[in-house]
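Peer 1: Quick one: this structure, given as structure tokens, is what I'll be asking you about.
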Amino acid sequence: MHEEEALNDNHPGPNHFELDQTGGDRKHRNSTYAKRRRVVLKYLERNYGTVRDFCQKHKTTLRYILWGTLLAGYLAMVIAACGLNFHRALPLFVITVAAIFFVVWDHFMAKYDHRIEELLSPGRRFLDSHWFWLKWVIWSSLILGVVFWLIFDTAKLGKWQLVSFGGLIVYVILLFLFSKHPTKVHWRPVFWGIGLQFLLGLLILRTGPGLRASQWLGKQVHTFLEHTDAGASFVFGENYTDHYLAFKFLPMVVFFSAVTSMLYYLGLMQWIIRKIGWLMLVTMGSSPVESVVAAGNIFVGYISPAHLLTASVMSAPASLAVAKLFWPETETPKTTLKDAMKMEMGDSRNLLEAASYGTSSSISLVANIAVNMIAFLALLSFVNAALSWFGNMFDYPQLSFELICSYIFMPFSFMMGVDWQDSFMVAKLIGYKTFFTEFVAYERLSKLVDLRKEAGPKFVDGVQQYMSIRSETIATYALCGFGNVSFLGLAISTLTSMAPSRKRDIAAGAVRALIAGNIACFMTACITGILSSTPVDITCHHIFENTFASGLSQNTTDVVSCCQSLLSSTVAVGPGEVIPGGYHSLSSLKTCCELLKPSTLNCTWIPDQL
């Protein structure tokens, strides 16, 4: 037995042998795998250096190939989309064409800037040597052109275009009389600013392509902002629109702020602002900083489509013109064009961080809007109650903030070209905007628009219920601005935090800034009054003239419709005290009254027109 044990110890069994053999195979495989991995790593290391050197040597060519491939793919996608449905792909097509144009323009100017300057230098020298008499020829031609245009246009549209033009002149005179340094006013930026306003308004309001482009762009902005509903409905529920301002409008501000921050990170916003700032600089001659800031303000705060979008663009040159007239510069700007056009990309490290930063930065703006609306509307209610209580002591309980504003701001609204009847209502809106915010004013204006669309009686118990389309349009442009007490306080605090040492200077110029901002909006409204028309009223004027004067059949659909509109807008106080609406004559009113025989108006009250 001991011999067998000894034998077993000296000669391991089959199990021990198999284990040793398996372990040896595993070690052999691991060693082989390690050798192969080292060989592969050495091979990759050698070839990585070769590839890296090749890419470094031909990086420009490879970059062109990469971007060329991506661009070709994008253009193929655009062409395919336009081929399938051009109307549907129109936004993509417009964006693509605009981007290609400006990229090519930038590349062309950067490469041939000096050659272009040399090519244009003879013409520049000629202008410099003959500018003294050429400027008088140019300005005289422009003034005569505007005068003749106003004469023919007024003959076609009516007298209220002349009222708007006269109001524009009055605003310029008032700014000059109350200027900080009237003897140092440089008139070139003033006239160019007004001219750019007029040109932009003419393109947008009077030309078919400009009007369609404005409406199309407004629709795209509206569609873009409607994406806010996804986040608002998720956070506030399906009935979030029941609280429009809090849960519909303020989320738009958050969304727009996030998108703007992303565009700044990508550099697109700076690129657009530089283009607009350069245009203002070369035309108006404003300082580089002023031009860039005015261009940037177009994209700050106004996020509504159609008329408000147009008003934001038109108010940019107007703000520079008013600033140069109301507080002209007395020193030469130290900042050059090159310095002003340098705009930082931001501190964000990626696109998501930029979106997050834009969202967070909107918190203060959203909170400011919300608390100001609560506070100022509460104050408005209290002020109206106090004024009514005070007026009741003199048997005049109708005394209110709105009534006071209607008399204070009525001359300003009338000078814009608003009808005398409507000027008091527009004056109330201006008061809301100046002492509270433009949000309150636009909320009141939207109610007036809804009442007009309902086509109810224009006067109820002697109180006017709504305005004409022309007055609504002018009011929309007049209210589009930051010229109010609420945002003035926000601007003072923001600028003071940026430049604490200039706190007194900022506070000293606050009131002038408030006045200048409002007048800039009023001038934009005057331009709108000059260029806008009232299609319904104009059509009815022609219908009445052609029908009543020629003895044609008066019982037509167009005549009846126009007569109904005329009678609903007429103010009848008593016999001999009847004011026709829509700028119509008493004879047209009398004919319409006899035709329709309304129960709300005694036709014998209408006097014969002298």
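Each residue, glycine too, has its Cβ placed from N, Cα and C.
These figures come from a predicted structure and were not determined experimentally.
Pasting the relevant annotations from TrEMBL:
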type     : residues : note
REGION   : 1-31     : region 'Disordered'
TRANSMEM : 64-86    : transmembrane segment
TRANSMEM : 92-110   : transmembrane segment
TRANSMEM : 131-152  : transmembrane segment
TRANSMEM : 158-178  : transmembrane segment
DOMAIN   : 167-238  : domain 'Concentrative nucleoside transporter N-terminal'
TRANSMEM : 190-208  : transmembrane segment
TRANSMEM : 245-266  : transmembrane segment
DOMAIN   : 246-305  : domain 'Nucleoside transporter/FeoB GTPase Gate'
TRANSMEM : 278-303  : transmembrane segment
DOMAIN   : 307-529  : domain 'Concentrative nucleoside transporter C-terminal'
TRANSMEM : 365-387  : transmembrane segment
TRANSMEM : 399-418  : transmembrane segment
TRANSMEM : 474-498  : transmembrane segment
TRANSMEM : 510-531  : transmembrane segment
Peer 1: Any chance the transmembrane segment (190-208) and the transmembrane segment (399-418) are in contact, meaning at least three CB pairs closer than 8 A with a sequence separation of 6+?
Peer 2: no
Peer 1: When only pairs 6 or more apart in sequence are counted, do the transmembrane segment (510-531) and the transmembrane segment (158-178) reach 3 or more Cβ pairs under 8 Å?
Peer 2: yes
Peer 1: Just give the helix, strand and coil counts over the domain 'Concentrative nucleoside transporter N-terminal' (167-238), going by DSSP.
Peer 2: 60 helix, 0 strand, 12 coil
Peer 1: What mean pLDDT does the predicted model reach across the domain 'Concentrative nucleoside transporter N-terminal' (167-238)?
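Peer 2: Averaged over the domain 'Concentrative nucleoside transporter N-terminal' (167-238), the predicted model reaches a pLDDT of 83.
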